[in-house]
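J.: Sharing a structure with you now.
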Amino acid sequence: MTDRIAAVKTYLLDLQDRICAALEAEDGKARFAEDAWERPAGGGGRTRVIGDGALIEKGGVNFSHVFGDSLPPSASAHRPELAGRGFQALGVSLVIHPENPHVPTSHANVRFFCAEKEGEEPVWWFGGGFDLTPYYAHEEDCVHWHRVARDACAPFGADVYPRYKEWCDRYFHLKHRNEPRGIGGLFFDDLNQWDFDTCFAFIRAIGDAYIDAYLPIVQRRKHTPFDERQREFQAYRRGRYVEFNLVFDRGTLFGLQSGGRTESILMSLPPQVRWGYDWKPEPGSEEARLTEYFLADRDWLAGQP
């Protein structure tokens, strides 16, 4: 697996570079600061953070490559046969929180796991996806996001986008609120049903599609005027983001349980957030429309080319 792991690592480092360059160019003011770190138990990474920009209030694009003698519970719970195997985990994970409430928060992740034991075949799989969390949503943005997702999946089979779109809707769901985190996208894990080269090609297609999915939405919305009321609603909805990441997100749990770097793991949290007791938007308002119309399991591409 050594050559394969090296190829995945080379791709992920290049993906991090390309995404950071594209986001810096779009912001026009802020620059990523890099923090290279080492994990005492094995491995390390490159954390890159950006903030206080013309566009991005806070964001990060992380690369990590960690390894150890046994998988943490979050990774082996649904695959108990892997308990006791040594592991390597590589990935790029990013979250972008724009200042303007009309520009959605975006998240993307692509990752590779390999669990090995002497005398046995290595067990490997890929995972990843991308999802969008709008505050003041627009249907054309949702359609564009999902169209890019569908087109990235298309060469790998007509059933791939619908399956991973539905998985995304299921995964990014706040059970205690009974509502989705955003308008979805793609999510998949344990991907090894194809041969390695095909799985790796799929991961590259998804990683490369993120900028194509996100930047046109950013460019359409970043100059939209906003007021303090809209910023307060954005902070309120960001609370849902925090709740999901700290309670349900498998990547966060894996990172914390495997002795990962806390600062990098919690990079995904927004800079300003608020909770109001039993707050509800005014009926018929833009804020109410988010939950009533957009935050629903919906086929955004129905009737679309």
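Cβ coordinates are placed from backbone N, Cα and C, and glycine is handled just like the others.
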J.: Report the candidate from SER93, SER285 that shares the substrate site with ASN109, VAL110, ARG111, GLY259, GLY260, ARG261, as recorded in Swiss-Prot.
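T.: Looking through SER93, SER285, the residue Swiss-Prot assigns to the substrate site is SER93.
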J.: Which of these, HIS107, HIS138, does Swiss-Prot list as part of the divalent metal cation site with HIS97, HIS146, HIS176?
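T.: Among HIS107, HIS138, only HIS107 appears alongside HIS97, HIS146, HIS176 as divalent metal cation-binding in Swiss-Prot.
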J.: In terms of DSSP three-state secondary structure, what is the assignment for HIS146 (divalent metal cation binding site)?
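T.: Once the DSSP labels are grouped into three classes, HIS146 (divalent metal cation binding site) ends up as helix.
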J.: In whole Å, how far is HIS146 (divalent metal cation binding site) from VAL110 (substrate binding site) when you measure between their Cα atoms?
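T.: Each residue's Cα considered, VAL110 (substrate binding site) and HIS146 (divalent metal cation binding site) end up 17 Å apart.
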J.: Measuring Cα to Cα, how many Å separate ARG261 (substrate binding site) from HIS107 (active site, proton donor)?
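T.: Given the Cα positions, ARG261 (substrate binding site) is 19 Å from HIS107 (active site, proton donor).
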J.: Let me make sure I understand the structure: which of the binding-site residues listed (GLY259, GLY260) has the fewest other Cβ atoms within 10 A of its Cβ?
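T.: Selected from the binding-site residues GLY259, GLY260 on minimum Cβ neighbours within 10 Å: GLY259.
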J.: Residues with Cβ closer than 8 Å to the Cβ of HIS176 (divalent metal cation binding site), same chain and 6+ apart in sequence?
T.: GLU243, VAL247
J.: Please list, in sequence order, the residues in the chain of SER93 (substrate binding site) that are at least six apart in sequence and whose C-beta is under 8 Å away from its C-beta.
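T.: Correct list: VAL61, ASN62, SER64, HIS107, ALA108, ASN109, ARG111, GLY251, SER268.
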